[in-house]
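So the structure is just underneath, and the comments pick up after that.
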Amino acid sequence: MADGEEPEKKRRRIEELLAEKMAVDGGCGDTGDWEGRWNHVKKFLERSGPFTHPDFEPSTESLQFLLDTCKVLVIGAGGLGCELLKNLALSGFRQIHVIDMDTIDVSNLNRQFLFRPKDVGRPKAEVAAEFLNDRVPNCNVVPHFNKIQDFNDTFYRQFHIIVCGLDSIIARRWINGMLISLLNYEDGVLDPSSIVPLIDGGTEGFKGNARVILPGMTACIECTLELYPPQVNFPMCTIASMPRLPEHCIEYVRMLQWPKEQPFGDGVPLDGDDPEHIQWIFQKSIERASQYNIRGVTYRLTQGVVKRIIPAVASTNAVIAAVCATEVFKIATSAYIPLNNYLVFNDVDGLYTYTFEAERKENCPACSQLPQNIQFSPSAKLQEVLDYLTNSASLQMKSPAITATLEGKNRTLYLQSVTSIEERTRPNLSKTLKELGLVDGQELAVADVTTPQTVLFKLHFT
């Protein structure tokens with residue numbers, strides 16, 4: 001038999017053995033459940049123990065809810081997402097949706113084990129769903145090759161639990177805002193049935209974290225925004241005149257030489273996924289590094305700097321995904337008390353974990369339900385307000401659009417996401433708040449890419 005036929009022969013043999021096992025054990029027809037398949041889960045759900053929830057009553061209903069009803073959304077099908085999907089599918093979750101806007105790159109294959117070389121270039125969500133649907137009997141994984149912003153509140157409301165394996169703080173903040181917008185209040189009291197729990201995991205090298213967020217009840221992403229480190233940027237003066245690191249050379253080529261030379265035609269943007277673009281940046285970076293006797297510029301480093309790649313270690317992904325999947329299981333079954341509410345993991349020097357309770361901020365712009373108070377002089381310019389919204393550690397907005405109600409009409413003071421409106425409202429940035437007609441106690445509505453909700457600010461003059 002040819003070597004190419006050997007894997008197919010093994011696959012058929014495995015299917016035959018599985019069919020024989022189901023027949024011997026008393027298989028359940030076309031349901032895909034053979035006797036003993038869920039014994040490992042039943043041990044947690046059909047008997048009590050010292051760590052079970054005080055209100056938990058062992059029964060078969062929890063397992064049936066897991067198998068037949070519970071619907072989970074996984075956001076991200078990368079290194080963490082692959083581990084999450086595998087863990088959830090093997091834990092009994094059968095109604096799984098996965099969202100990912102990326103396609104598979106060769107560099108993903110060393111740790112994102114649901115993908116194979118033949119899958120390079122295909123959407124991660126679709127390939128991950130195909131793999132699990134084929135490998136795990138009766139598991140139904142529905143892929144969405146989209147951005148999370150492509151879906152409305154009706155889509156997110158259908159899920160019992162949402163778990164994230166993202167590498168983007170903006171995306172985290174957006175889904176956090178979406179889940180908060182789903183909350184219902186009656187006479188100021190939160191309706192618990194409107195809560196969609198969010199389990200969030202993140203990794204960087206040998207470090208990671210996992211957290212449980214119950215929107216409206218526990219600290220949300222915005223409550224602890226200061227915990228996220230700012231993106232590493234190098235001073236332009238250093239990049240241009242005094243480079244000392246390989247990264248300085250790469251950033252110089254990316255930020256200055258590429259726009260100036262436009263090597264692939266006028267207006268062609270740099271694409272971090274295009275090997276030709278990366279190769280050009282790599283060669284030019286080597287040339288600049290040689291001028292300053294700097295060593296260490298490699299193709300891989302070039303790609304990492306251009307794409308802002310976060311270093312990934314497979315074992316860290318496995319640990320954090322296991323924590324997240326365990327929390328999903330605990331919340332879905334109510335068998336155990338969930339994490340309260342933030343866990344950090346460090347595997348740099350030995351093994352270290354620490355759990356603490358992140359506290360809600362009374363004036364959180366996302367979950368407090370209160371307008372945010374800001375103080376400025378009447379002579380302050382609108383540009384100063386814009387700078388505050390983008391530079392404040394507790395806000396960190398990216399492209400805020402500011403509107404206000406003036407003389408009974410809703411007026412856009414500044415909006416930069418639409419070119420024509422940005423040009424029309426740009427002169428407002430140099431005007432004072434008094435010149436714009438704003439008064440003490442004025443409410444400003446601010447929209448931003450970091451949240452699907454409009455954030456209200458109350459302006460107080462000093």
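Each residue, glycine too, has its Cβ placed from N, Cα and C.
Taken from Swiss-Prot, the feature active site, glycyl thioester intermediate covers Cys237. Over all protein chains present, the Cβ of Cys237 (active site, glycyl thioester intermediate) has 8 other Cβ atoms lying within 10 Å. DSSP assigns Cys237 (active site, glycyl thioester intermediate) to a helix.
If you look up Swiss-Prot, you'll see Ala2 marked as N-acetylalanine.
Packing against the region 'Interaction with UBE2M N-terminus' (53-70) from elsewhere in the chain are residues 33, 38, 41-42, 45-47, 91-95, 160-161, 329, 332-337: each is 6 or more residues past its ends and has a CB under 8 Å from a CB in it. The annotation region 'Interaction with UBE2M N-terminus' is assigned in Swiss-Prot to 53-70 (among others) on the grounds of similarity to another entry.
Swiss-Prot lists 157-161 (among others) with the feature region 'Interaction with UBE2M N-terminus', giving similarity to another entry as the kind of evidence. If you look at the region 'Interaction with UBE2M N-terminus' (157-161), the same-chain residues 6 or more away from its ends with a CB under 8 A from one of its CBs are 69-73, 97, 182, 196-199, 328, 331-332.
On the 0 to 100 pLDDT scale, the region 'Interaction with UBE2M N-terminus' (192-217) averages 95 in the predicted structure. The region 'Interaction with UBE2M N-terminus' annotation in Swiss-Prot covers 192-217 (among others), and the record cites similarity to another entry as its basis.
Below 8 angstroms of C-beta separation, residues 234, 285, 288-289, 292, 294-298, 301, 305 of the same chain, each at least six residues beyond the ends of the region 'Interaction with NAE1' (242-248), sit close to that stretch. Among the features that Swiss-Prot reports, region 'Interaction with NAE1' is placed at 242-248 (among others).
Taken from Swiss-Prot, the feature region 'Interaction with NAE1' applies to 292-295 (among others), supported by similarity to another entry. Beyond its flanks by at least six residues, the region 'Interaction with NAE1' (292-295) meets 243-246, 248-249 of its own chain at Cβ-Cβ distances under 8 Å.
Beyond the region 'Interaction with UBE2M N-terminus' (331-338), the same-chain residues lying 6 or more positions past its ends with a Cβ under 8 Å from any Cβ of the stretch are 44-45, 51-53, 55-56, 62, 65-66, 70, 72, 93, 160-161, 197, 199, 212. According to Swiss-Prot, the region 'Interaction with UBE2M N-terminus' annotation covers 331-338 (among others).
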Exercise for the section: For the region 'Interaction with UBE2M N-terminus' (192-217), could you work out the same-chain residues 6 or more beyond its ends whose Cβ comes under 8 Å from its Cβ atoms? Expected result: 79-80, 84, 156-157, 159-167, 172, 175-176, 179-180, 182-184, 310-313, 316-317, 319-321, 323-324, 327-328, 331, 338-348, 358, 367
Completion exercise
Taking DSSP helix as H, G and I and strand as E and B, the region 'Interaction with UBE2M N-terminus' (53-70) has 8 helix, 0 strand, 10 coil
Practice task
Summarise the region 'Interaction with NAE1' (242-248) by DSSP state, stating how many residues are helix, strand and coil.
Solution key: 3 helix, 0 strand, 4 coil
Completion exercise
Grouping DSSP H, G, I as helix and E, B as strand, the residues of the region 'Interaction with UBE2M N-terminus' (192-217) number 3 helix, 15 strand, 8 coil
Handout entry: Three-state composition of the region 'Interaction with NAE1' (292-295), taking helix and strand from DSSP
Key = 0 helix, 0 strand, 4 coil
